[in-house]
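Participant: Got a structure here, written out as structure tokens. Questions coming.
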């Protein structure tokens, strides 16, 4: 029996585990997932699960578009097929706005989403007045929120149903799993320690969750000091920060003030909304997403799938497509 191990129980680790386990189900292949943390204790559980490419500047637009389209289409199918509630998926309208004097070019992924349109000057001016901002450009489109607190348990259920095996354990070094024939590294920020990947770094994100059931639209101010408001099924996420190389998991009062004051400008009615909790997560940043095979002379090959920045949910299904393809190619070439 051939043995494959996936390291990391976040959204990319679980997506890769599902793809591999379902492909090799009932074959002479054992698929194991090892992770110290699972939902609700992953970085993804802090996020709103908002589909939009974010903090992945070092990776080509072509790759980002390909991977994000796969995820968008997957979320759409789950939504259509009656799994939206179980997976925490909502189809939701979005305003993407900037105050940059030079405006913003329409992103390459504009053709992936439904109904992508550029706002006309009257619409941009209206939103500027309402939000007490000076927007120079804006877009409107339909996207999905895929809430990790529901989506990750769904993926785990699919993985186990396909014969996968889960072990809750912290792995400090890749050599600790040397008994496996293939290693899939989805350790996120942990890859810095596990595989000595010095290109990995933290991007700190602080958010707040509030009760505001009257909000059904995303507002995303994309400037460096911009805010966002993202409704989920049971609450609304206010954000946020993206502080590079900041590893603090403590709630910052300064960040809280920035988030609440900025979001109240956008939607004043949240002034008296109940604050459920504030949260901090460390996004797995990297100079470029690493999705490749590392062949080692005396040890099992490693497929790396790390460095997704703020786009773990957005890219997960597309990246796992490539992970499965690399796995199949390795099995054919090495006759594993």
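Keep in mind that glycine also has a Cβ here, set from the backbone N, Cα and C atoms.
TrEMBL: automatically predicted annotations, no manual curation.
From TrEMBL, for reference:
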- 187, 309, 310, 311, 312, 313, 314: FAD binding site (BINDING)
- 228, 283: D-serine binding site (BINDING)
- 310: D-dopa binding site (BINDING)
- 3-321: domain 'FAD dependent oxidoreductase' (DOMAIN)
Participant: Check the DSSP secondary structure of residue 187 (FAD binding site), expressed as helix, strand or coil.
Facilitator: coil
Participant: What three-state secondary structure does DSSP assign to residue 314 (FAD binding site)?
Facilitator: helix
Participant: Least buried of the binding-site residues 228, 314, going by other Cβ atoms within 10 Å?
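Facilitator: Comparing Cβ neighbour counts within 10 Å for the binding-site residues 228, 314 gives 228.
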Participant: From the Cα of residue 283 (D-serine binding site) across to the Cα of residue 187 (FAD binding site), what is the distance in angstrom?
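Facilitator: For residue 187 (FAD binding site) versus residue 283 (D-serine binding site), the Cα atoms are 12 Å apart.
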Participant: Greatest CA-CA distance (Å) over the residues 187, 309, 310, 311, 312, 313, 314 that the record ties to FAD?
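Facilitator: So the binding residues stretch over 17 Å, Cα to Cα.
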Participant: How many neighbouring Cβ atoms, not counting its own, are there within 10 Å of the Cβ of residue 311 (FAD binding site)?
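Facilitator: I get 25 for this one.
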Participant: To the nearest whole angstrom, what is the C-alpha distance linking residue 309 (FAD binding site) and residue 228 (D-serine binding site)?
Facilitator: 17
Participant: List the Cα distance (Å, whole number) between residue 313 (FAD binding site) and residue 228 (D-serine binding site).
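Facilitator: It is 17 Å, counting Cα to Cα.
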Participant: Rounded to a whole angstrom, what is the C-alpha distance between residue 310 (FAD binding site) and residue 228 (D-serine binding site)?
Facilitator: 14
Participant: Just to be sure I understand the packing, how many Cβ atoms besides its own are within 10 Å of the Cβ of residue 283 (D-serine binding site)?
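Facilitator: Excluding its own Cβ, the number within 10 Å is 26.
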Participant: Taking the Cβ of each of the binding-site residues and counting other Cβ atoms inside 10 Å, which one has the highest number: 309, 310, 312?
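Facilitator: Buried the deepest by this measure is 312.
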